[in-house]
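**Q** Below: one structure in structure tokens.
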């Protein structure tokens, strides 16, 4: 005779199956792609690349940084700009002046890169300059991993977006850093992963590479101070510096795991003759490209990493990963702007009266760009007056010319300049040069 448990066993099995199915339906319904802003944004931006030209992307306004805000700012330009943000990044390189002279040239020329003219060339920057090489570089979107110099052991070049070098070049030009006898103390307030710091070091400390043993001429007293608050990024910064700078130059670079928004932390190392504030920001293009790479089939692309330390075996900072995965909106941009203003104000308070400060972000919205500079300049909270230097400079004239008579790739804003990827493929970057009135 069947027991009571055996009689109810089929009923229990059916109940368990129904419960599992109900739970599965609930999980799938709450994890639809439409509810993830990153996926919604990518779907909307991809509509810009449909045949027949750009079309208006249809996405949720809760997407990264709130697309409604960006569309309002850029108007009819937004479809072409948003499509450009999704294209593979183009790369220029900083050629290491501390390595064997000319060692990198054959490889870089084979990739379609040439030394830039003028001040950018003096700062050891190479980029695609002809229309053919621009097209080729844009379609490939990657460079080979930098080899090491046979004589010095240092990496021969550092890949970077040419736009990211503009703030560092602007600061160097403002400081008259090419004057060989001038002593200088320069701060990089948000330094990791180190590309802009290398551009600064190549000019400020490059005289060490030209020194001859036994020479009676001594190099001018110059030093760089690099702040970074994130522990992972700080270690990555130090790794990059060891890969690219010789011991004599490393001794002149002070790396600090600290927060540049804290005035007292900077006071120990200032005052500075010049400072670069490449502030933490929304980083929309980096966010979008990371999302695309996660969706791409494994091994389908070989992007070079802009830090110079390649991705094999190198995990991402947990803090940075969390920031890149969370939804972004206008409120988050305003929160960024508050931190950016704190960092900029702290740096200005620790800069000498004859010094210069460059503020920069790779954000698209004016909330984190002109508005931050305006807030700091017009707040009346600093014990001095500031002015923005927004004229054309030698730095801009040394950029590759636009093709076919197109618009200039560097655009003026109310308080500085911007370089966006729909004009030339570089960027985005915003920067402003501040001086003391």
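Placement of Cβ uses the backbone N, Cα and C atoms for every residue, glycine included.
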**Q** Which single residue out of 273, 278 does TrEMBL record at the S-adenosyl-L-methionine site shared with 190, 191, 192, 193, 194, 195, 196, 228, 259?
**A** 278
**Q** Of 133-152, 153-172, 233-252, 293-312, which span is tagged region 'Disordered' by TrEMBL?
**A** 293-312
**Q** What Cα-Cα separation, expressed in whole Å, is found between residue 196 (S-adenosyl-L-methionine binding site) and residue 362 (active site, nucleophile)?
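**A** Counting only the Cα atoms, the answer is 13 Å.
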**Q** Where does residue 196 (S-adenosyl-L-methionine binding site) sit in DSSP terms: helix, strand, or coil?
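**A** Where residue 196 (S-adenosyl-L-methionine binding site) sits, the three-state DSSP reduction gives helix.
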**Q** On the Cα atoms of 190, 191, 192, 193, 194, 195, 196, 228, 259, 278, which are listed as binding S-adenosyl-L-methionine, what is the maximum pairwise distance in Å?
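**A** Farthest Cα pair among residues binding S-adenosyl-L-methionine: 19 Å.
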**Q** Looking only at C-alpha atoms, tell me how far residue 192 (S-adenosyl-L-methionine binding site) is from residue 362 (active site, nucleophile), rounded to the nearest Å.
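**A** With the alpha carbons as reference points, the distance is 14 Å.
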**Q** If you count Cβ atoms within 10 Å of each one, which of the recorded positions 190, 192, 194, 196, 362 comes out on top?
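**A** Ranked by Cβ atoms within 10 Å, first place goes to 194.
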